[in-house]
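So the structure is just underneath, and the comments pick up after that.
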Amino acid sequence: MLIRSAADLRESEVTDKALWLDRRRFLALGAAGALALSGLPAEAGLNTVKGPFSTDEPPTPRKDVTTYNNFYELGVEKSDPAQLAPSYFTKTRPWSVTIAGECAKPGTLGYEDLIKPHRLEDRIYRMRCVEAWSMVIPWVGIPLGEVLKRFEPGSKAKFVEFTTLQDPERLPGQRRSVIDWPYVEGLRIDEAMHPLALLAVGLYGEELLPQNGAPIRLVVPWKYGFKSIKSIVAIRFAETPSRTAWMKAAPREYGFYANVNPAVDHPRWSQGAERRIGEFLKRKTLPFNGYADQVASLYSGMDLAANF
């Protein structure tokens with residue numbers, strides 16, 4: 001898969017023409033009515049620049065990206081998040097993120113204070129779910145490493161832990177013991193600092209909808225989708241790795257690294273192929289989801305079967 005600078009892509013190349021024109025019309029009108037349904041402000045169209053990384057594959061239709069979701073906090077069925085968010089997860093402002101652990105500048109920042117110092121970038125990434133389906137999503141976000149550096153992680157900061165909002169009133173899926181809430185994920189510090197890792201605040205040029213992890217989520221395109229934690233409220237620098245949510249729930253099936261690897265099957269299904277949403281035939285899964293040239297060196301010398 002060719003990964004090229006987004007500066008080499010025109011927006012009309014990335015999105016089918018009708019959708020591209022609809023999006024332009026949508027933003028021009030302010031989209032007040034549609035955004036009101038999601039609890040987002042009318043100005044939710046985002047000012048962005050083209051970031052340095054994008055795939056040249058056509059994106060998955062926006063309707064599929066916003067209605068076919070894994071977000072167990074809102075329900076375990078793919079349709080639950082989009083169906084339940086308008087009744088429960090109706091407000092994603094105000095929002096704050098607490099920074100703690102092995103860093104010189106811990107604290108709690110509001111969403112705007114966390115995001116405003118940075119330039120929002122458009123990045124078109126492949127997303128591979130551990131369930132053997134995939135999408136291509138045009139994200140809007142900020143390089144994760146740029147954000148983390150502001151808090152000056154110390155020499156003991158070997159890992160970064162992320163935590164999702166825990167609020168069963170807004171996230172009714174948390175009323176069931178599907179996993180040990182809140183949802184927790186983690187990365188090695190070098191993974192978190194890699195320029196592909198993204199803190200996303202939007203998709204298709206608009207703010208994230210609640211079912212997609214509003215208002216701020218992680219996107220790590222070379223890992224299975226469950227690593228890209230949604231609705232983040234805490235970031236902690238740590239000396240040791242976290243025992244993440246799915247590691248606690250099913251340690252034989254879900255490891256800490258969760259790198260996309262067609263040579264290492266899930267205990268219950270093959271990872272050698274995937275179903276791209278919107279396509280009939282399966283396609284071969286690529287090592288590191290097609291980002292091997294960028295990230296394989298992070299795992300030099302590691303046994304990727306043992307460190308799954």
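Just so it is clear, glycine is given a Cβ too, placed from its N, Cα and C backbone atoms.
Here Swiss-Prot flags 1-44 as signal peptide, drawing on sequence analysis.
Note on ILE229 (Mo-molybdopterin binding site): other Cβ atoms within 10 Å of its Cβ, all shown chains, come to 24. According to its DSSP assignment, ILE229 (Mo-molybdopterin binding site) is coil. Taken from Swiss-Prot, the feature Mo-molybdopterin binding site covers ASN69, TYR72, GLU73, CYS129, THR164, ASN212, ARG217, SER228, ILE229, LYS230.
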Packing count at ARG217 (Mo-molybdopterin binding site) (other Cβ atoms within 10 Å of its Cβ): 23
Around the Cβ of GLU73 (Mo-molybdopterin binding site), the count of other Cβ atoms that are within 10 Å: 31
Just how many other Cβ atoms lie inside 10 Å of the Cβ on THR164 (Mo-molybdopterin binding site)? 24
Sequence gap of 6 or more, Cβ distance under 8 Å: name the residues on the same chain that satisfy this around ASN69 (Mo-molybdopterin binding site), in order along the sequence. LYS78, PRO81, ALA82, GLN211, ASN212
